[in-house]
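Structure, as C-alpha cells:
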Amino acid sequence: MSLAVEAVKDFLLKLQDDICEALEAEDGQATFVEDKWTREGGGGGRTRVMVDGAVIEKGGVNFSHVYGKGLPMSSTERHPDIAGCNFEAMGVSLVIHPKNPHVPTSHANVRLFVAEREGKEPVWWFGGGFDLTPYYAVEEDCRDFHQVAQDLCKPFGADVYARFKGWCDEYFFIPYRNEARGIGGLFFDDLNEWPFEKCFEFVQAVGKGYMDAYIPIVNRRKNTPYTEQQVEFQEFRRGRYAEFNLVIDRGTKFGLQSGGRTESILISLPPRARWGYNWQPEPGTPEARLTEYFLTKRQWV
C-alpha cells in the first residue's frame, strides 16, 4: 500500500501558512518569526512564534516532520506491536495565548504517524483536534465554537462529533484537580477506521475548521475592556494550562522522549502564569462561574 504522505506534508505546510496569516491579520501589529530547525535523528521543522502583539501575547504555530528508528515509550505503550519499528511523524500544532482575559486561549493539532514493519503493511493513523480554554467565558462563544466542530463532522458520520467531543472532554481533564482544562472541542487519535484518503479529508476539515471556530471569537472579544484583577485570574488559570501540558499531555511526552526540539515542544506554555496556595474565587462571581458552569461536561449544541 502506498500512502499519500507527501500530500499530507504539503497540506500541513500550507495550513501553517494559512493559520499564521489569519492570526497576523487579527492581531494587526505583530508578525510570526520563523525558526527552522533540524533533528539529529532525522527530520526537522518550522517553528513560528509571535510575542507581545496587540492581541496575542504569545502564540506558537509549529510544523514538524521527524523520522527515525525505534519508537519512544509514549507511542509503544499503546502499540506494543510496533516497538522498534522505523517511524515517521508529521503535524502542525499550535497554542495561542491572547493578552486580553476575555479572549480564550486556543489549541489545535493535526498529525500523521506511520510505522514501517518489515514484510508487512505499514501501520498508520491520524490524530488531532482543536479546543478552547476561556477565562471569562461567554455562552455564545462556546456554542459557536462547538457548532463549527459539529458541522465539519457531519459529512463523516452521524456519531463522529459526539464521539470526538466526548473524547476531548475526557482527554483535556486534570484528574488531580478534578477540573477540565477548557470547554472542549474535538479530539481524536489512532484514526484509521476509514480509508487513508477519507481520514486525510477529515483532518483537512479539522485544520480549516479551527480557523472558522476561533478567529470570530477573537474578533468579537479582543477590544473588551479588562482590569488588572482579571489579568491575575487569567494568569491563575494559565497555571492550570501549564500543569496539563507538562504533567498529562501525550504530545509533550512524545516530543521530549523522541528527542524532539525542546523549545518547539514547550512553546505551548503561557508567557506568564501564577499559583496561589488553595486560592478559591469568591462565590457568585464570573471567576467562580467558570469552573462551576463552563468547565463541566456540557452539550453546547
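In case you wondered, yes, glycine gets a Cβ from its N, Cα and C as well.
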| request: Check Swiss-Prot for me: it has N109, V110, R111, G259, G260, R261 binding substrate, so pick out which one of S93, S268 it puts in that same site. | output: S93
| query | Which is it, of 169-204, 241-276, that Swiss-Prot names as region 'Important for dimerization'? | reply | 241-276
| remark: Which range of 19-28, 49-58, 149-158 is region 'Important for dimerization' in Swiss-Prot? It is 49-58
| Greatest inter-residue Cα distance in Å for the substrate-binding set S93, N109, V110, R111, G259, G260, R261 | 20
| remark: In this predicted model, the region 'Important for dimerization' (49-58) has a mean pLDDT of 98
| binding-site residues compared (S93, N109) - highest count of Cβ atoms within 10 Å | S93
| field | R261 (substrate binding site) - helix vs strand vs coil (DSSP) | value | coil
| request: Starting from H107 (active site, proton donor), work out which of the binding-site residues listed here (S93, G259, G260, R261) have their Cα within 10 Å, and give them in sequence order. | output: S93
